[in-house]
Structures are given as C-alpha cells and as structure tokens.
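Here is the structure we will look at, set down as structure tokens.
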Amino acid sequence: MIERKALIFNIQKYNMYDGPGVRTLVFFKGCPLRCKWCSNPEGQLRQYQVLYKENLCVHCGACVPVCPAGVHTISASTLRHGFAEGAQCIGCRRCEDVCPSSALAVVGEQKTISELLEVIEEDRPFYETSGGGVTLGGGEVLMQPEAAVNLLAACKQHGINTAIETCGYAKQEVVMKAAQYVDLFLYDVKHIDSARHYELTGVRNELILSNLTWLLENKHNVKIRVPLLRGVNDSEDDLRGLVEYLRPYQDYKNFKGIDLLPYHKMGVGKYKQLGWEYPIEGNPALSDADLERVEACIRKYDFPVSVIRH
C-alpha cells in the first residue's frame with residue numbers, strides 16, 4: 001500500500017504562539033486565498049518553487065546546466081532563477097546542491113505521514129510537560145485534505161494534542177472530516193464584510209463563515225484569529241461587525257476567544273526572492289496605542305481577547 005504524502009514547506013519546533021503549550025508546526029503548501037499581507041508567500045502555490053537570494057549569488061551559472069526543468073536561465077550574461085516563463089520547478093534540488101553560495105533554496109518537500117509523525121514524536125516530552133502538541137498550518141492545510149486528516153488521525157492515535165490554523169475556505173465535508181481529530185481550530189476571520197474580504201484575499205467569506213458556524217454549533221473548540229491591519233479591519237464598525245457575528249456563541253464553552261495578530265513585515269523579503277511584487281503599499285502596522293484601542297473595543301462587548309506578537 002502506497003502511503004499518502006503531504007507537500008510541506010516548513011516544520012517549526014518549539015512554537016509557543018499557535019495553540020497551547022510547546023508545539024511543532026507543520027506547514028502545508030498551497031492556499032486558496034491571496035491575502036495582501038501574507039507573510040508566507042512561499043506557501044501559496046501547491047507546487048515546488050525556488051527562492052533566490054540575489055545578494056548571495058556569485059553569478060557563476062552552475063545552476064543552469066543541472067536544472068532539468070529549465071527554471072534557471074542565462075542570456076546576455078544575465079542569470080534568472082526560478083522565474084523562467086513556462087518553467088516549473090520539479091523539486092530535484094540539483095541547483096541547491098551545486099550553488100556555491102547558498103543563494104538558491106527549493107521550497108516544498110514531499111513527506112509521508114510516517115515521516116512527519118516521526119518528527120512530531122521527537123518532542124513528546126515537551127508536549128507532555130507543557131500541554132502542547134502539533135499544529136498544522138500553511139498555506140492552508142485543508143487544501144491537502146487526505147494527508148491532513150491522515151496525519152491528524154495518526155497524532156490522535158499516539159495521544160498527541162492537535163490544532164490546525166485555517167482560513168476556513170474548504171468544502172464543509174472536508175472540515176467535518178478533519179474536525180473528528182482536531183482539539184482546537186485556530187480560525188482566521190480576516191474581514192467580516194464579504195465584499196471587502198474579496199478585495200483583500202481574492203475570495204468572498206460566505207463559505208468561511210458557514211464552516212465557522214458549523215464548528216461552533218457542533219461544539220468544536222474554536223479560537224478566532226484576526227490578522228489586524230491599520231485602516232483595513234481595525235475600525236469600530238469592523239470590530240462591531242465581528243463581535244455581533246460571534247455574539248450567539250459568546251457563552252459557548254467551545255468558543256475560546258479572539259486573538260489579534262498585528263501586521264508585520266517579516267515576510268516581505270520572500271516576495272523578492274520569489275520574483276513577486278509585495279502587494280501592500282505603505283505601512284499598515286498598528287501602534288501600541290492602536291492595539292490598545294482595538295483590544296478595548298472588543299473587551300467592552302465582554303469578549304476575551306489577546307494580542308499575539310510573533
């Protein structure tokens with residue numbers, strides 16, 4: 001029997017922000033949204049990609065002849081890495097191997113459920129002493145539903161606490177199947193207004209809110225996460241719309257409150273490495289005073305709220 005594989009782009013250990021206790025984060029590649037502030041753009045496409053660090057490149061051209069896909073090209077003494085029109089990286093990593101200056105990195109790796117579970121199990125002592133476990137994120141983990149559900153089920157069979165970070169944009173049957181094996185959903189609500197949500201992410205939010213309602217009404221543990229940007233979703237009206245939507249579930253034991261995730265620029269450099277333009281102009285980061293205002297606004301409606309600073 002061939003074991004299901006997942007396309008992963010990172011595994012992060014000793015995380016303290018994305019679920020209770022010390023956690024291992026497994027990042028699944030591929031996402032149906034295109035959030036303008038995305039800090040993991042290398043997780044958006046469900047395919048191999050090349051990150052090119054121009055400042056490290058010595059322009060030796062060693063990557064060009066070893067690439068079977070023609071991703072690396074040279075013409076008129078100009079090297080181009082990973083951006084060749086019509087070429088797609090196949091994940092062979094030969095360019096990585098021959099690059100003398102570590103200027104190239106292939107993003108994406110196929111891992112079996114057994115391989116992932118082995119990595120997750122390495123930190124069991126930390127989970128047991130801290131109440132931690134594993135969190136699956138991305139990208140969007142539910143874009144690889146079979147692999148995600150198989151890994152979640154395997155973790156539960158091994159007594160490991162499970163959480164997923166999700167944008168909620170998935171078929172409801174996928175959410176229902178995953179929910180059997182999830183101890184906590186870290187559920188993004190990027191904007192409560194569907195038209196505005198479309199402008200910011202490329203999709204409307206009706207499916208997202210429908211899945212959220214199903215999870216809350218069926219007693220699955222949910223913590224709402226709001227990526228917070230100044231002038232985008234931090235107004236009194238924006239926040240009131242969010243809490244009014246959540247008000248029917250305010251006293252549910254499975255509703256675990258609201259996390260605010262302030263905008264940051266930690267992923268900006270990766271856009272250039274992918275050959276992409278950064279979608280946001282200006283700086284929508286909130287000041288400490290802005291964050292205090294937003295917190296106070298939510299608290300006045302008697303909702304538990306925390307600011308998560310990465």
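Cβ atoms here come from the backbone N, Cα and C positions, even for glycine.
With CYS57, CYS60, CYS63 listed by Swiss-Prot as binding [4Fe-4S] cluster 2, the candidate from CYS99, CYS155, CYS167 annotated for that site turns out to be CYS99. For VAL189 (S-adenosyl-L-methionine binding site), the nearest of the binding-site residues by C-alpha distance turns out to be CYS35; the candidates were CYS31, CYS35, CYS60, CYS99. If you measure from the Cα atom of CYS35 ([4Fe-4S] cluster 1 binding site) to that of CYS99 ([4Fe-4S] cluster 2 binding site), you get 32 Å. Annotated pair GLY139 (S-adenosyl-L-methionine binding site) and CYS99 ([4Fe-4S] cluster 2 binding site), C-alpha to C-alpha distance, rounded: 27 Å. Using CA atoms as reference points, the binding-site residues CYS31, CYS57, CYS60, CYS63, CYS99 were checked against ASP188 (S-adenosyl-L-methionine binding site), and the closest is CYS31.
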